[in-house]
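A.B. asks: Pasting in a structure now, in structure tokens, and then I'll have a few things to ask.
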Amino acid sequence: MDNILASGSAEFSQVLKKYSLVVAEIRKKIIFTILIFFAAAILGFVFYEQIIKFLIDILSLRGVNVVFTSPFQFINLSISCALATGLIIVFPLIIFQILSFLKPALKRKEFNTIVAFIPFSIILFLVGFSFGILIMRWQIQIFLSQASSLEIGNILDISRILSTVLLTSALMGLGFQYPILLFLLMKFGIIKASHLNRWRKWVYLGSLLFAIMLPLDSLIADFLMALPLILMFELTLILYYLFGRKKPALAKG
């Protein structure tokens, strides 16, 4: 009996030691990622004036009557710049950390496939971020044009506008990642393309709900935000059927 208890205790200790090492490794990666995020955020906080001027130029707000409505709003705006800078810089690192953690559990071919998609992931994030800025710029210009044609004065809250632009753009950058996720899930056989075909209407609905949840004030902008997500879903299915499916082995004759 004592031998059985001792054996069980030894096995439990080995399992505990094994998972303790895993938890310690995860903790180390998380802490390192957080430190890089805060370092990048501090950089964005310090240079927030340059970031704001850059965004004002992109959004064509030069000459527009933009104001702070509170003496403390510049703090909120600098924090938004810091968070956006931190997210953009730390995003590739997050991908790398996830891959390094999953590598032992993946086959070599699976790991190489995921690594091959990293450049596309970064590009899609930047494209999504830029698309968010483009839609926000379009929406602001429509507002200014309508106000001008109606001879109505306008005072824009610069803190709210730029915070909304940064948040919307960052979320769109993340939203543009889902085609890669879908392709890899189909490639590894976790999800079948036929299932996605049947779930098409739910994917469309999910894309629209994602766009509606963004801090926009226009239904037209919501549809414009959802449109590329829907198109990328369809394009992902087409690319998978063309390049992603396993080719059937030729019958030996």
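Using N, Cα and C of the backbone, Cβ positions are placed for all residues, glycine too.
Below are the features I grabbed from TrEMBL:
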type	residues	note
TRANSMEM	30-52	transmembrane segment
TRANSMEM	72-102	transmembrane segment
TRANSMEM	114-140	transmembrane segment
TRANSMEM	160-190	transmembrane segment
TRANSMEM	202-220	transmembrane segment
TRANSMEM	226-243	transmembrane segment
A.B. asks: Rank 72-102, 160-190, 202-220, 226-243 by Cβ pairs under 8 Å to the transmembrane segment (114-140) and hand me the top one.
C.D. replies: 160-190
A.B. asks: Near the transmembrane segment (160-190), which same-chain residues lie under 8 Å Cβ to Cβ, leaving out any that are not at least 6 residues past its ends?
C.D. replies: 52, 55, 59, 61, 66, 76-77, 80-81, 83-84, 87-88, 91, 110, 113-114, 117, 120-121, 124-133, 135-136, 140, 196, 210, 214-216, 225, 228-229, 232-233, 235-236, 239-240, 244
